[in-house]
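Right, one structure below, let's go through it.
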């Protein structure tokens, strides 16, 4: 007599994983983040004096170096695709395309973003950097296609990053052009032991927490129509973890920096009281 057994908990867990979890593009995308973190750590080993830098400020240096590299390398590539990678609207699969806002960059017949390079095209139409961005061949073409494929991986969790969402693009312009350089300034000030760093860190942290809110609040208000939370990887790794980092750590930054500033005020107040008592 044949018998049936309930699927094991491992099998149940594996069934919730996305089918492309271990494909090359996904693994390279995740590895790129680890590589950037290692680069930030290596920079801290070169720039900071281990005898005079506290572990707290070494962590903050690594975080801001990592932050700047993420903004410049990854989010900068996102902006590149939003402005320079395009394809005719009818060439992409209408079931998957993220249509541009009306009259974006003065065009109504194009779609922009990573999808224009690495999206799903209709039968008979071949997409690629030569058509979507006019970058030519060689190394530059590989970089353009590679970054497009990276963003298409993340777009599986949040479709807005495949194309152009005006709220996201507007925030990323500030992030790459303003917050990125400020993060570099923080690293410089930590290395030089400049107390000004606490003010700049609070500015960056406040901007990043606000940016996180403005990235997701508009989406929540329309029922998260562009978010895919159907499996744990999209929900907890791509959406919760990677975005949560830019809330939890900036909150810690504000805690540390405000404590340093308040400590300076206490010293000043104590000196003022001592002066009055003379």
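Glycine is treated like the rest: Cβ placed from N, Cα and C.
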As TrEMBL has it, transmembrane segment corresponds, among 27-48, 93-114, to residues 27-48
Excluding the flanking five residues on each side, which residues at least 6 beyond the ends of the transmembrane segment (60-80) place their CB within less than 8 Å of a CB in that stretch?
32-33, 36-37, 39-41, 43-44, 47-48, 53, 113-114, 144, 147, 150-151, 161, 169, 172-173, 175-176, 179-181, 183-184, 186-187, 190-191, 201, 204, 208, 249, 253, 256
Among 27-48, 197-216, 236-258, which stretch has the highest count of C-beta pairs below 8 Å with the transmembrane segment (168-188)?
197-216
Folded-back contacts onto the transmembrane segment (236-258), same chain, C-beta under 8 angstroms, at least six residues removed:
33, 56, 60, 63, 154, 156-158, 197-199, 201-202, 204-206, 208-209, 211-212, 215-216, 227, 229
Long-range CB partners for the transmembrane segment (27-48) (under 8 A, at least six residues beyond its ends), listed in sequence order, are 57-58, 61-63, 65-66, 69-70, 73-74, 146, 149-150, 153-154, 187, 190-191, 242
For the domain 'EXPERA' (56-254), the averaged pLDDT of the predicted model is 91
